[in-house]
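The structure appears below as structure tokens.
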Ligand SMILES: NC(=O)C1=CN([C@@H]2O[C@H](COP(=O)(O)OP(=O)(O)OC[C@H]3O[C@@H](n4cnc5c(N)ncnc54)[C@H](OP(=O)(O)O)[C@@H]3O)[C@@H](O)[C@H]2O)C=CC1
Ligand SMILES: C[C@H]1O[C@H](OP(=O)(O)OP(=O)(O)OC[C@H]2O[C@@H](n3cnc4c(=O)[nH]c(N)nc43)[C@H](O)[C@@H]2O)[C@@H](O)[C@@H](O)C1=O
């Protein structure tokens, strides 16, 4: 019998990329189960339980979450911690209760301490204070990792439960959220430089100092990593993880300053004006570069270079606004 795969968050940037990856890998469309947020609110425990009881998928990709950039995280902390805690607890528990043996949880690079040595290794988790601008979201993500680990420890031998966690670095690409203030830096600046080019604005303001560094991974690379980790045989996966340190970093391999990525975006968009800086906006973590040797040792490597990915992201933006 063909495997039914539930992709939670299939309309989101990562979820839609995971669906593309599954289809490209030969998965039949009818075997990919999806529900929109309007059809199934994952913060509703009874609805999630009823859905998984009726669909009985064999795998779950948990790519649904309350997601946003530094301003959104800093403005709506209650939404970020509550909705993410509820979604992941509901999906992971209902998956177990309905016999799902394989689940992949998507965390974030935010789980690591603000001042973790760079690049950040998986064993840096819980060794220091978190970045205040996204601490609530990070706490929810850490809880997601520990939910997966705890179900594995309690039910792995008896029920074959094998729930895995990948920690993406900052992501961008098709299907991104281009909201002017709630988005992440790359989609926000694609929109702002595009609008400045169209309006002829003489300058564009970047938030913060421009000095923080970020690692950026193209979303289709992230989707490939997600399917790769989900399908790894357990013996191989266990070689790079331990029962209470089961998460795996997924990074591009190198990072750039915000000033450098802003310059690159202005070139891709074709904006010729000046770049200024708005110190009233927060910088957030000074650096968030992932140490990805575990997943690299398992056989996955990022492929899409930043300039190539930015060009594709700009095409996606223009498509989203109907150009
Ligand atoms: N983007 C990034 O840079 C990074 C993302 N991640 C993680 O990757 C995962 C995917 O992120 P990304 O694709 O960027 O996020 P998106 O916001 O693009 O997608 C999230 C999806 O989840 C859905 N969703 C949100 N709340 C609910 C709910 N209550 N019930 C049902 N569905 C819901 C959204 O639907 P709707 O829009 O209709 O509400 C949307 O389709 C998340 O776990 C995120 O934390 C980790 C690191 C970096
Ligand atoms: C992805 C990961 O990490 C996220 O945190 P973050 O990396 O700080 O997110 P960010 O992309 O919003 O900012 C990156 C940097 O960029 C600068 N910056 C400049 N100008 C704009 C700007 O116009 N918009 C935004 N958003 N940032 C800007 C901004 O000041 C900051 O220094 C979490 O929210 C959380 O979502 C998470 O999971």
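Backbone N, Cα and C atoms are what each Cβ position is placed from, and that goes for glycine too.
The shown structure was predicted, so the numbers you read here are calculated from the model rather than taken from an experiment.
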Residue from 192, 294 that TrEMBL also lists as binding substrate with 207, 214, 283:
192
Cβ atoms near residue 108 (NADP(+) binding site) (within 10 Å, other residues, all chains):
23
Densest Cβ neighbourhood among 137, 207 (recorded positions), 10 Å radius:
137
Cβ under 6 Å from ligand 1: which of the recorded positions 110, 137, 283 qualify?
none
By CA distance, which of the recorded positions (12, 15, 108, 110) lies nearest to residue 207 (substrate binding site)?
110
Let me spell it out: for each of the binding-site residues (9, 12), count the other Cβ atoms within 10 Å of that residue's Cβ, using every protein chain shown. Which one has the most?
9
